[in-house]
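Here is what TrEMBL says about this protein:
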BINDING   S9, K41, T73, R87  substrate binding site
BINDING   S9, F10, H17, G88, L89, R90, E98, Y123, S124, F125, I126, S127, S128, S129  ATP binding site
DOMAIN    5-133  domain 'Cytidyltransferase-like'
SITE      H17  site 'Transition state stabilizer'
Amino acid sequence: MARAIYPGSFDPMTLGHLDIIRRASKLFDEVIMAVVGNPGKSPLLPMDIRKNLIEESVKDLRGVKVEEFQGLTVDYAKATNTTVLIRGLRAISDFEAELGMAQANKQLFPELETIFLMTKAEYSFISSSTVKEIARLGGDVSQFVPHPVNDYLREHFSRGTKQK
Ligand code: COA
């Protein structure tokens, strides 16, 4: 069975991420969306929320699982017996960091192959930070994120605004 992992912070998942996982699910029998929970990162959305929103967003995709992990991505790949890692590339500006990560991962786990899928042009400007900023300032992010994420952000930020 061909299996791949698609790791990320997904804070929150965007339509760009959804596009990548949808396409990856056509290439592999199983794709695990691996949500990183390292304490070094300070995500806005708690792990259980990020995970639930992804599960809701991908529930119609065949062969997609959502898991959380701590520690190194290569250790997670080894633990799940996976030798393919998927990442999306939006623009040339992503390339340097992604190349560095792919090379470091390869050094740590030589059997691991990183496969890059090019983000669809219409999603290439979307980032999780942009989405959070627009939502925080009361803007409409429905065209950037899956429905469950949009519902959560609307609820979360309108509650925050009302409390002030
Ligand atoms: N469409 C739209 N946006 C996309 C995208 C796509 N296809 N692909 C990435 N992005 C954006 C995200 O929205 C996010 O935006 P932000 O910078 O504003 O937050 C950004 O690109 C990256 O987020 P994400 O894809 O969620 O992943 P990440 O870069 O936070 O995750 C890991 C990186 C998890 C793969 C990496 O940190 C890791 O492996 N961590 C584990 C520890 C480890 O092994 N370290 C050694 C690595 S060599």
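Positions of Cβ are set from backbone N, Cα and C atoms, glycine also.
Keep in mind that this is a model prediction, so the values were computed, not measured.
Sequence features annotated in TrEMBL and their locations in the structure.
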| residue | record | Cβ neighbours (10 Å) |
| --- | --- | --- |
| S9 | substrate binding site | 16 |
| H17 | ATP binding site | 25 |
| K41 | substrate binding site | 9 |
| T73 | substrate binding site | 22 |
| R87 | substrate binding site | 18 |
| L89 | ATP binding site | 16 |
| E98 | ATP binding site | 16 |
| S124 | ATP binding site | 15 |
| I126 | ATP binding site | 20 |
| S128 | ATP binding site | 22 |
- request: Tally the residues of the domain 'Cytidyltransferase-like' (5-133) by DSSP class, grouping H, G and I as helix, E and B as strand, and everything else as coil.
  value: 57 helix, 29 strand, 43 coil
Query: Looking at the binding-site residues E98, I126, S128, whose Cα is closest in space to that of K41 (substrate binding site)?
result: S128
Task: Using CB under 6 Å from any atom of ligand 1, narrow the binding-site residues S9, K41, L89 to the ones that qualify.
output: S9
- prompt: Closest to S128 (ATP binding site): which of the binding-site residues S9, T73, R87, going by Cα position?
  reply: S9
Task: Express the predicted model's confidence over the domain 'Cytidyltransferase-like' (5-133) as a mean pLDDT, rounded to an integer.
output: 95
- request: With ATP as the bound species and S9, F10, H17, G88, L89, R90, E98, Y123, S124, F125, I126, S127, S128, S129 as its recorded binding residues, calculate the greatest Cα-Cα distance and give it in Å as a whole number.
  value: 18
Message: Rounded to a whole angstrom, what is the C-alpha distance between I126 (ATP binding site) and S9 (substrate binding site)?
response: 15
Task: May I ask which of the binding-site residues H17, L89, E98 is closest to T73 (substrate binding site) if we compare their C-alpha atoms?
output: E98
Field: Alpha-carbon distance [E98 (ATP binding site); S9 (substrate binding site)] in Å
entry: 14
